[in-house]
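What TrEMBL says about this one:
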SIGNAL    1-21  signal peptide
DOMAIN    67-212  domain 'CAAX prenyl protease 1 N-terminal'
TRANSMEM  72-95  transmembrane segment
TRANSMEM  107-125  transmembrane segment
TRANSMEM  159-177  transmembrane segment
TRANSMEM  184-206  transmembrane segment
DOMAIN    215-422  domain 'Peptidase M48'
BINDING   His285, His289, Glu365  Zn(2+) binding site
ACT_SITE  Glu286  active site
TRANSMEM  295-312  transmembrane segment
TRANSMEM  333-353  transmembrane segment
ACT_SITE  Asp369  active site, proton donor
Amino acid sequence: MKALFAATLVFLILCSSLSYADSVNSQPSGSTPSAADSVALQSTTEKGGATEYPLTPERQLQLRSYARFVNIWRFVQFFVSIGLLALLLFTGLSARFRDWAGVARRKFWVTWLYLAIVMVVLYLLELPFDYYRGFVVESQYGFMNQTGGEWLLDTLKSLGLGIVFGIIPMWFFYYLINRVKRWWLVFSIGAIPLMIFFIVVAPVFIMPMFNKFEPLKDKQLESEILMLANKAGISGSHVYEVDASKQSSKINAYVTGLFGTKRIVLYDTLIKGFTPDEIKFVMGHEMGHYVMHHIWWGLGMAIVFIVFMLWLTDRTIHPVITRFRTRFKFDRLGDIASLPLVLIFLSVFSFVFQPVSNGLSRYFENQSDRYGMKISGVSGETAATAFEKLSAYNLADPDPNPLVEFWFYDHPALKKRIEAVRVLAGQ
Ligand SMILES: [Zn+2]
């Protein structure tokens, strides 16, 4: 589900050096690795080995410290990216990059070259932080199944994709600002086909650049999932397993794509660690997202958000440019050198308004949990165990501070989900 909200910030995602592989469900304002539709937790799986469920006392302690770290890092990530963007502005570097890009002569190529320079520079400046968060810490907690080199290669792929695709929203954005008074409205409307395009294309062309997607190997399980899909009235859907264990031992499943590219994806880690009934519940939950059109609702929400955030940017950004124009070395929003400033504004607004999108996401997740229970017909205990495993394998805090949940969680706290499925089963 988070994918929908990631789409909210298509502009941010594409124009900043965020990793595409994780962007499917990560926080819009950061590149925190997070899983697609699940419940954030973590596993001690050795490569291909046994997972730890139930949690040992040591793992319990690790869960707490990991949860604490993740929460602190949300802020570190946020302030680091704002700080680096501000650095590009206040040192006049952004304007200098624009001047360098001037060698390309034609406006379109200048814009693209500028974007490429900014993205590469940001990538390099953020690399130490990303490496620490995405590799070192993940290794410490036993999630990492990649070598440092493989990890680095994935981040380079993401950077390349960002440079290739980022030009689309960026060109459109500056083209409109220089010509249309209500550019924020036109941009948002224009972003609709763009977002649909990315949701359609990503599962077929982009995600396979990071992982291998195959039909389920377990034919018995596949036929059970297809039967479930039938019961849910979903026809022509495809069930894939992805070798997510290549990167991380965390567990997840998600639904993505639209039209012909829509697909249900199970992480191989899920297949390995869960019983068939638990998997059926998880997949029933994913089908709930299909059946209740959460992708479209999410998209609609995303549009509303984009309109609002861009409008707010337009209302507030001009005085800042005027105030610092000598330092920034640009004096209007229509100058491409303003990109870092635009990204700062969008990051701050999306951080501030996260509780709204996350609140809606949690509501969808609740609905899907109900649906999953109903369609799979599993017992409350089975569903509860599935959640407990997610918490154990992914080191997700089942019972976070309510404020943390309110602000940052796009899924309800696992403890609440567990209580809810038990109540549902008792009805
Ligand atoms: Zn979900």
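In case you wondered, yes, glycine gets a Cβ from its N, Cα and C as well.
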Ranked first among 72-95, 107-125, 159-177, 184-206, 333-353 for CB pairs under 8 angstroms with the transmembrane segment (295-312): 184-206
Residue among recorded positions His285, Glu286, His289 with Cα closest to the Cα of Asp369 (active site, proton donor): His285
Other parts of the chain folded back onto the transmembrane segment (107-125), taken as Cβ under 8 Å at six or more residues beyond its ends: 15-17, 84-85, 87-88, 93-94, 97-98, 100-101, 155, 159, 162-163, 166-167, 170-171, 174, 336-337, 339-340
The residue listed as 'active site, proton donor': tally of other CB atoms within 10 A of its CB: 24
Recorded positions (Glu286, Glu365), the one with most neighbouring Cβ atoms at 10 Å: Glu286
Other CB atoms, at most 10 A from the CB of His289 (Zn(2+) binding site): 26
Integer Cα-Cα distance in angstrom, Glu286 (active site) to Glu365 (Zn(2+) binding site): 9
